[in-house]
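Take a look at the structure below.
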Amino acid sequence: MILILLGPPGAGKGTQAKLLSSELGIPHISTGDMFRDHKARGTEIGKQVQAIMDAGGLVTDDITNAMVKERLSRPDVAPGFILDGYPRTVVQAEYLDGLLRSLGRSIDRALSYEVPEELVVERISGRRSCPRCGAVYHVSQNPPHRAGFCDRDDAALVQREDDKPENVRKRMQEYGTKTEPLKRYYRDRGELSDVEGVGTPEGILAVTKKVLGR
């Protein structure tokens with residue numbers, strides 16, 4: 001089974017990807033993991049990605065597509081895979097379709113996790129992290145034992161600039177603008193299913209499996 005997971009920041013698609021990977025026995029492939037893998041291996045792609053990120057630029061479609069092509073050449077994807085964070089644009093989706101066709105394959109389903117904006121704002125703006133050890137907390141869902149301080153090293157917790165409510169709303173708007181054409185692309189092909197992304201991870205997994213006929 002080949003699945004594509006879509007959803008705004010804070011929709012929980014990364015959590016669902018991990019649960020589905022375990023449930024279906026197929027690898028979870030995320031763009032972030034691919035970037036880190038290439039950087040760790042010191043590949044030419046990894047060096048290009050690092051140079052772009054150091055300059056504050058955006059990784060091009062060509063580089064991202066090349067990473068996906070390399071990843072899909074590995075034997076562990078034979079039974080299927082779950083893509084998280086790719087494709088992000090119609091251009092990438094068209095490339096992926098062509099790549100899969102060349103391999104005699106096609107996607108089974110694109111899943112779009114739908115979450116109300118205010119819930120996304122609450123999920124993300126409640127995050128707090130430790131600047132010393134990197135531990136991540138949430139003010140209501142996973143609070144530290146002592147409010148505002150890390151359990152591990154007692155450092156004062158901070159809120160990332162990106163996680164402030166006004167910036168989360170801005171990211172949601174950007175996501176909607178960029179992703180709507182992609183959702184339309186898969187919807188027009190009869191490959192898109194909307195999934196209610198509200199509830200416990202286990203509950204959302206149950207809904208996802210029902211959508212997939214599992």
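Including glycine, each Cβ sits where the backbone N, Cα and C put it.
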For the feature region 'LID' as recorded in Swiss-Prot, pick the matching range from 88-125, 126-163. 126-163
Which three-state DSSP class does THR31 (AMP binding site) fall into? helix
How would DSSP class GLY14 (ATP binding site) in three states? helix
Spatial separation of ARG88 (AMP binding site) from CYS150 (Zn(2+) binding site) - C-alpha basis, Å: 35
Reduced to three DSSP states, the region 'LID' (126-163) has 3 helix, 10 strand, 25 coil
